[in-house]
Amino acid sequence: MTKSKLTRNVRKFTDSKFSWIINVMSCSTLYALSANIITLGIILPDFIHHFQVSQSKLGMLGSVKLAIFDLGSGLLGGPLTQKYGCRVIAMSGLMLAAMGTLAASFVDDYLWLMVTFSIIPGFGLAGVFIPSSVIVHQYHNKRRALASSATSAGLGLATFTFPVIMSLAIAKLGWRFALVMLAAIEMQMVAAAMMFMPNPDLRVKATQTPIQQEDLEDQEPTKPVEGKNQKHKCNLDISLLKNPAFLLFIAAFALAGNAGSVYLSFAIHRGIFQGIDRIQASIIMVVFGSCSTGGRIGAGVLGNMQCTKNNSLSAACVFGTGIVTCVSLIAGDSLALHSVFAGLVGLLSGGFQGLYSTLLVDLVGLKQLPRAMGLVQMIKCLVTAVSLPIAGHLFDSTQNYEATYLLSGVTLIFSAGLLVLSGLINRRLSKELDEFN
């Protein structure tokens with residue numbers, strides 16, 4: 001096969017109109033994932049009233065779900081995605097999450113709520129995140145940063161629309177019906193995951209690690225490796241942990257992601273606690289979600305420019321998020337101030353989250369992306385397991401959210417410093433490698 005003919009084949013699906021259809025489908029599955037994650041923050045007052053337990057115990061619901069989601073993504077999501085492909089894993093994950101959420105609508109015991117609301121959906125969501133991200137990078141090359149950020153806008157879109165929808169459903173029909181509605185949304189998104197077919201341009205089976213599009217123009221298609229070597233490729237590659245820039249990125253993402261989750265999980269209840277009407281308090285999440293969507297798309301546009309350093313842009317977003325989180329302590333009972341601060345946090349944190357997978361590609365390459373995302377999620381779960389319970393305990397001890405949000409802000413600022421160090425080390429290593437070659 002000639003090089004020109006191979007190039008034409010590569011461009012048939014990659015960076016085509018069909019690749020943007022894949023983006024829309026991936027955005028839809030991430031919408032369902034985000035809607036499930038933020039549900040605790042919306043339904044928290046009803047859980048407090050119905051189950052009569054402390055906020056620290058209810059915070060465990062979110063921490064357990066996120067910990068299982070992160071750990072499952074690392075141990076199962078990444079390897080299974082490489083072995084069976086994005087489509088099967090994403091569909092299975094959405095159906096499992098829907099089953100758990102539906103079962104949670106029938107329980108009256110806290111322990112069964114933990115199983116159905118947190119554990120089962122946590123495992124299900126672990127099969128959604130990595131396939132939804134990897135499939136986009138497989139279909140995009142020229143505008144990878146923009147495509148990745150636009151897809152992650154589904155996460156922000158859920159926080160923009162779902163809090164109001166769920167709050168109205170709870171007000172009219174109760175929290176049990178709201179969970180049934182969430183399960184229905186997750187089942188509907190299974191149809192979107194059915195579109196996650198392997199990119200035919202890659203010329204490999206779903207069991208093969210995705211390869212970079214640039215390499216396809218210079219070599220003939222290769223067949224999948226059979227036997228023991230192929231089986232070895234389906235395991236987690238801990239050699240990535242020898243990269244100091246990647247290690248710093250893992251620490252930064254874990255700390256920043258969980259500090260941001262604390263802000264999001266308690267945003268509505270903090271507003272209600274400080275005197276804002278419940279329905280009006282849902283506006284806080286609407287503003288957060290709309291600005292997060294804009295931040296993700298905006299970061300993708302900036303990150304796609306050759307003059308932009310994605311690592312510096314991400315560090316600036318995380319640093320700004322930390323500052324705004326600390327300053328948000330002055331919001332008081334003002335819905336306007338709560339909304340302004342939530343909007344700024346959404347804009348800045350959305351920019352960082354939108355560039356997440358692109359930063360990983362810059363650090364480890366496209367071949368290692370599923371493994372790298374899996375390792376990041378595994379390390380993140382260690383922080384997730386304690387973040388929300390600590391936040392809830394701080395509230396129970398002080399009867400206000402000042403210590404909780406101050407700690408989150410300081411953590412975000414520290415994470416920004418780690419991102420800067422990661423970028424500096426990665427540039428130094430890349431320069432040494434160029435000089436060596």
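Here, residue 1 is simply the first one shown, and the rest follow in order.
Just so you know, glycine gets a Cβ as well, placed from its N, Cα and C.
As written in TrEMBL, here are the features:
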TRANSMEM  20-44  transmembrane segment
DOMAIN    20-434  domain 'Major facilitator superfamily (MFS) profile'
TRANSMEM  56-77  transmembrane segment
TRANSMEM  84-104  transmembrane segment
TRANSMEM  110-130  transmembrane segment
TRANSMEM  150-171  transmembrane segment
TRANSMEM  177-197  transmembrane segment
TRANSMEM  245-267  transmembrane segment
TRANSMEM  279-299  transmembrane segment
TRANSMEM  311-331  transmembrane segment
TRANSMEM  337-360  transmembrane segment
TRANSMEM  372-391  transmembrane segment
TRANSMEM  403-425  transmembrane segment
Is the number of Cβ-Cβ pairs under 8 Å between the transmembrane segment (279-299) and the transmembrane segment (110-130) three or more, considering only pairs separated by 6 or more positions?
no
When counting Cβ pairs under 8 Å to the transmembrane segment (372-391), the leader among 56-77, 84-104, 110-130, 150-171:
56-77
Please report, as numbers and ranges, the same-chain residues at least 6 past the borders of the transmembrane segment (84-104) whose CB is under 8 Å from any CB of it.
29, 32-33, 36, 77, 113, 115-117, 119-121, 123-128, 130-132, 134-135, 138, 179-180, 182-184, 186-187, 189-190, 193-198, 206-207
Ranked first among 20-44, 56-77, 245-267, 403-425 for CB pairs under 8 angstroms with the transmembrane segment (177-197):
20-44
Winner by Cβ pairs under 8 Å against the transmembrane segment (403-425), considering only 20-44, 56-77, 110-130, 311-331:
311-331
Short question: which residues 6 or more past the ends of the transmembrane segment (337-360) have a Cβ under 8 Å from it?
133, 136-137, 144-145, 148-149, 152-153, 155-156, 159, 249, 253, 256-257, 260, 263, 267, 270-271, 276, 281, 283-285, 287-300, 303, 310-311, 313-314, 317-318, 320-321, 324-325, 327-328, 330-331, 369, 372-373, 376
When counting Cβ pairs under 8 Å to the transmembrane segment (20-44), the leader among 56-77, 150-171, 245-267, 311-331:
150-171
For the transmembrane segment (245-267), which stretch among 56-77, 110-130, 150-171, 311-331 has the most Cβ pairs under 8 A?
311-331
Count, for each of 110-130, 150-171, 311-331, the Cβ pairs lying under 8 Å from the transmembrane segment (56-77), and report the range with the highest count.
110-130
Is the transmembrane segment (150-171) packed against any residues at least 6 beyond its ends, judged by a Cβ distance under 8 Å, and which are they?
23, 26-35, 38-39, 41-43, 46, 132-133, 136, 177-178, 181-182, 264, 268, 278-279, 282-283, 285-286, 288-297, 300, 346, 350, 353-354, 356-357
Are there residues at least six beyond either end of the transmembrane segment (311-331) with Cβ under 8 Å to its Cβ atoms? List them, or say none.
252, 256, 259-260, 263, 274, 295, 299, 302-303, 337-338, 341, 344-345, 348-349, 351-352, 355, 359, 362, 401-402, 405-406, 408-417, 419-420, 422-423, 426
